[in-house]
Amino acid sequence: MVCPEIGGLYAITPNQIDTEGLLIMTEQALAGGVRLIQYRNKAAGTELLREQAHALAHLCQKYSVPLIINDHLGLAIEVKAAGLHIGQTDISIREARYWLGKRKIIGASCYNCLDLAIRAEVQGFDYVAFGAFYASVTKPEAVPASIDLLHQAKKRLLTPVVAIGGINLINAEILIKNGSNAIAVCSTLFCAQNIQSTAKQFSRLFY
Ligand SMILES: Cc1ncc(COP(=O)(O)OP(=O)(O)O)c(N)n1
Ligand SMILES: Cc1ncsc1CCOP(=O)(O)O
Ligand SMILES: [Mg+2]
């Protein structure tokens with residue numbers, strides 16, 4: 001499936017336990033032109049995940065920006081999110097598609113592996129994500145991916161490509177020039193002094 005919604009700055013939320021703070025930061029990112037939000041919180045328990053996902057769904061609706069939930073299918077269904085991001089150790093696309101239906105966005109982590117992405121396209125994922133392209137403070141254990149992988153992916157795939165991992169305002173340009181449809185960013189965006197202006201600067205790289 002070719003999905004026109006996947007492009008531009010894709011914000012990955014940080015492990016924030018203060019919901020009010022998370023909403024303030026996310027709203028600044030949205031005001032700066034973020035095109036997709038992924039709710040990812042590896043530190044939250046079930047109740048906090050539910051509270052934050054509901055609050056983010058409401059906020060994203062206000063800005064008409066799709067909210068993608070990381071890992072948790074049930075949560076994506078509960079908050080009527082626009083989609084789900086799944087890694088290789090998460091649930092299968094078959095199960096995710098069965099519960100979410102054709103109209104939701106389902107993204108796949110393909111790490112540094114073109115074969116995974118080719119398979120993901122056949123299986124009907126809406127985007128494939130590669131990375132980490134650069135050292136990530138959010139996920140230091142992520143496997144490194146090369147720019148050459150982007151070239152190969154663009155030759156072989158129709159599915160939009162998302163680049164992730166240690167992306168900042170300098171290296172983002174290289175990833176975009178080499179074929180990334182979207183760049184997924186957590187720390188450079190959410191640790192910025194001015195989140196809105198940082199989001200704007202990332203967004204401008206796409207036009
Ligand atoms: C856009 C995007 N790309 C990759 C990932 C990583 O997903 P996964 O491999 O499942 O690891 P966790 O994020 O769950 O730690 C992602 N979340 N988003
Ligand atoms: C979830 C994930 N997968 C690979 S790197 C990463 C984290 C991205 O965050 P940052 O932009 O802070 O490196
Ligand atoms: Mg995961």
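Every residue, even glycine, has its Cβ placed from backbone N, Cα and C.
These figures come from a predicted structure and were not determined experimentally.
According to TrEMBL, the features are:
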- 9-188: domain 'Thiamine phosphate synthase/TenI' (DOMAIN)
- Gln38, Tyr39, Arg40, Asn41, Lys42, Asn70, Ser109, Lys139: 4-amino-2-methyl-5-(diphosphooxymethyl)pyrimidine binding site (BINDING)
- Asp71, Asp90: Mg(2+) binding site (BINDING)
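Feature annotations (TrEMBL) mapped to structure.
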| residue | record | DSSP (3 states) |
| --- | --- | --- |
| Gln38 | 4-amino-2-methyl-5-(diphosphooxymethyl)pyrimidine binding site | strand |
| Asn70 | 4-amino-2-methyl-5-(diphosphooxymethyl)pyrimidine binding site | strand |
| Asp90 | Mg(2+) binding site | coil |
| Ser109 | 4-amino-2-methyl-5-(diphosphooxymethyl)pyrimidine binding site | strand |
| Lys139 | 4-amino-2-methyl-5-(diphosphooxymethyl)pyrimidine binding site | coil |
> Where the criterion is a Cβ under 6 Å from an atom of ligand 3, which of the binding-site residues Arg40, Asn41, Lys42, Asp71, Asp90 meet it?
Replying inline: Asp71, Asp90
>> Please check the binding-site residues Gln38, Asp90, Lys139 against ligand 2 and give me the ones with CB under 6 A, sequence order.
In response: Lys139
> Along the domain 'Thiamine phosphate synthase/TenI' (9-188), what average pLDDT does this model show?
Replying inline: 98
> In angstrom units, rounded to an integer, how far apart are the Cα atoms of Lys42 (4-amino-2-methyl-5-(diphosphooxymethyl)pyrimidine binding site) and Asp71 (Mg(2+) binding site)?
Replying inline: 10
> Arg40, Lys42, Lys139: which of these binding-site residues has the highest Cβ count within 10 Å of its own Cβ?
Replying inline: Arg40
